[in-house]
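What follows is one structure encoded as structure tokens, with my remarks underneath.
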Amino acid sequence: MRHPVDMPEKVGTDAKRLFAQPEHLWELTLTEASALVRHRRITSRQLVEAWLSRIADFSELNAFISVDAAAALKQADSYDHYLEAGGDPLPLGGVPIAVKDNIQVVGFANTAGTPALSKFFPTCNARVIEPLLKAGAIVVGKTNMHELAFGTSGYNTAYHIPGVIGVRNAFDHSCIAGGSSSGSGTAVGALLIPAALGTDTGGSVRQPGAVNGCVGFRPTVGRYPVDGITPISPTRDTPGPIARSVEDIVLLDSIITGALPAEVPAAESIRLGVVDQLWADLSEPVRKLTEDALRKLEQQGVQIVRVSMSEIFEMSHAVSMPLALHECRSALTEYLSANETGVSFDELVAGISSPDVRTIFEDYILPGRLGELEGQSVDLEQAYATAMKDARPKLIQSFEFLFKEHQLDAIIHPTTPDLAIKSNPAATSFEAFARMIRNADPASNAGMPGISLPAGLSQQEGLPVGIEIEGLPGSDARLLSIANFIESILGRGPTPTRSGVESKISM
């Protein structure tokens with residue numbers, strides 16, 4: 001198998017674009033930056049300095065929990081010297097990336113966004129990190145997140161600059177950045193870093209990608225290793241990348257998996273299902289932009305098939321919370337012990353800072369209850385057993401039947417039904433959480449891959465909208481190739497400007 005660095009520049013990629021230098025180096029995509037360093041047009045130090053400066057200029061976003069500038073610059077200098085000495089270039093050689101703070105990276109604390117783990121410095125990297133480091137990537141910092149990954153707002157009361165709580169949106173600093181990979185989303189969207197890793201249980205890579213105007217990819221569960229990642233639900237969890245282009249996502253995926261990318265398909269060969277239920281009850285800006293995107297694809301020859309899954313939300317609800325709430329306790333307990341964190345499960349829970357996350361643990365996970373039904377407490381263990389035995393297989397079979405019956409490559413829908421909401425305690429409500437995950441959660445519960453792409457900016461609010469495609473488990477290569485085609489029609493995501501957003505930040 002050929003290593004990505006040995007391949008010729010991507011078919012269809014404009015060489016002039018790859019080697020063109022923008023006014024600011026932090027405007028480069030991951031692919032562009034790696035090409036410029038590889039061909040000695042710029043140095044790794046220049047790149048790292050540019051993005052470190054950008055990170056410092058946008059501290060009000062609360063995008064990072066930790067940054068190690070000295071170590072990053074030392075690695076950059078080392079790589080520059082390596083190339084000067086005639087070393088063979090690496091696929092990501094000398095290019096900075098960021099990593100969500102629940103994915104272990106040696107040299108950084110792995111807090112999972114919670115105070116009890118603030119002093120936990122792992123002795124080994126998460127397995128998904130290893131191929132990226134071997135490819136020459138430089139981890140400059142760990143990104144902020146919804147505490148313990150249990151939410152979609154990024155309103156983390158433990159890690160923030162003075163006076164500004166919550167990870168903030170790249171396009172409007174008064175709004176949320178999505179979650180739980182909040183910092184990874186806003187860091188890429190605000191051009192603080194060209195790419196970042198996050199984790200996705202029910203939309204936690206795709207939502208931050210969508211609301212920050214970038215691309216977020218959730219692979220099939222099991223495609224990327226999860227060793228060394230603070231868990232929620234082993235059945236549903238997966239790491240995934242966020243970047244500014246599908247090209248960058250494909251590059252990262254090929255490095256992590258060692259697989260060569262699939263050819264970009266012809267429009268006429270693509271069949272996308274529009275599930276009615278996932279297009280209902282949308283906010284007007286989301287509806288307009290995503291319907292416009294669908295029309296553009298259809299005009300190019302993509303086959304759009306209208307389909308229905310009348311019980312999609314009911315089936316998903318029967319799986320989603322039972323799995324996350326029940327699996328969390330045992331998975332976290334095992335993780336804390338196996339990775340020698342020095343913190344017990346009880347100590348972890350006692351230190352939770354964010355009120356919404358504390359409520360989840362104290363009212364549901366610790367007592368082993370799912371809630372109430374007709375005045376009676378619902379036993380969590382029984383709900384989990386039912387979900388695994390009946391509800392999840394039914395959901396998976398329903399997707400398989402839909403794809404087979406209509407000969408679909410993927411389904412397509414708005415990533416989130418609404419624009420990013422204001423960043424405040426109300427953003428942590430269960431109602432806000434349920435609304436944010438509504439469209440991305442069902443396929444997550446079936447272990448399916450999905451990728452969110454930018455569909456444009458809302459006209460009045462100036463906020464990004466995402467459109468997502470999801471395929472059956474194992475269809476990642478085909479899904480990424482379709483995403484490449486879609487991006488060629490819709491264009492890449494917008495770039496935020498600082499003018500007009502500084503005054504919006506809620507202190």
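Just so it is clear, glycine is given a Cβ too, placed from its N, Cα and C backbone atoms.
Copied from Swiss-Prot, the annotated features are:
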| type | residues | note |
| --- | --- | --- |
| ACT_SITE | LYS100 | active site, charge relay system |
| ACT_SITE | SER180 | active site, charge relay system |
| ACT_SITE | SER204 | active site, acyl-ester intermediate |
Going by DSSP, is SER180 (active site, charge relay system) part of a helix, a strand, or coil? coil
Please report the three-state DSSP label of the residue listed as 'active site, acyl-ester intermediate'. coil
SER204 (active site, acyl-ester intermediate), number of other Cβ atoms within 10 Å: 35
